[in-house]
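Visitor: Handing you a structure now.
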């Protein structure tokens, strides 16, 4: 995808965690090409080369031997040292047994729930090209990003109490290279480029699948999170849950939206109003509370009857 490389070299931040409309994040200086990774599950063979490529490039090692329980999934789940995992499912569709394989990892949502939920300033950022990246040095280990993710992706590392996930190889993409998983895929099931290019290619793959009898083939790019920068071509796009629980209509939890978009701004306005009221009080009344007390004391002493008067 050499033609896309120039458009994704500059990493401009457009969103930062723990900001709101009252404290807006910086915006990209100009338009940057939105990138996307397209995973065609119909051509994936489950070889796990992408897992190895991710592990090698990011220098992370999950304790896979401890998790091997007689299944193909190994490691059996994402963790702080396994940012991509192959999911294997046997399903019966149209009286046929099908073997569905899906590469699982961060979806890099256009409207990321993790970023919206994060209370730590700068711990999660989103670039103009769509990549959502965690800044581990600013993570406070609260785990709110885990609760805010509709795909259940981020994982806490018990060793340093910080959260990690796939970065979409932002370090490679920023210098015009493709992600490590794309580089290592032997069948071309994982592709990378501008989102527009990937959607055009996905249309071709969907048309091919439909011509082969998969009537409900389609592109998985859920609108509930504004679309994603990791997309899937699925045989059964009408039933994404068949692919190891891929959510059909993922959305940011209402409690997160209510907290960040309603309650937090209202609280900020209330605090601002209180500050203005204090300033107004200072300007109109003045900071003479202690002086008033002292004045009343002097006035009391002056008006206090003498001992002779009391005796009378």
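Glycine is no exception: its Cβ is also placed from the backbone N, Cα and C atoms.
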Visitor: Out of 118, 169, which is the one Swiss-Prot records at the [4Fe-4S] cluster 4 site of 139, 142, 145?
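Guide: Looking through 118, 169, the residue Swiss-Prot assigns to the [4Fe-4S] cluster 4 site is 118.
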Visitor: Out of 44, 47, 181, which one does Swiss-Prot list together with 54, 166, 169 for [4Fe-4S] cluster 2?
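Guide: It is 181, as the record lists it for that site.
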Visitor: Just to be sure I understand the packing, how many Cβ atoms besides its own are within 10 Å of the Cβ of residue 145 ([4Fe-4S] cluster 4 binding site)?
Guide: 26
Visitor: Which residues does residue 166 ([4Fe-4S] cluster 2 binding site) neighbour through Cβ under 8 Å, counting only same-chain ones at least six apart?
Guide: 54, 83, 84, 105, 106, 108, 153
Visitor: Determine which recorded stretch among 97-129, 130-159, 164-195 has the most C-beta pairs below 8 angstroms with the domain '4Fe-4S ferredoxin-type 1' (35-65).
Guide: 164-195
Visitor: List, in sequence order, those binding-site residues among 47, 50, 145, 169, 181, 185 whose Cα sits within 10 Å of the Cα of residue 114 ([4Fe-4S] cluster 3 binding site).
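Guide: Close binding-site residues: 145.
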Visitor: Restricting the comparison to the binding-site residues 50, 139, 142, 169, which residue's C-alpha is spatially nearest the C-alpha of residue 149 ([4Fe-4S] cluster 3 binding site)?
Guide: 142
Visitor: According to DSSP, which of helix, strand or coil covers residue 145 ([4Fe-4S] cluster 4 binding site)?
Guide: helix
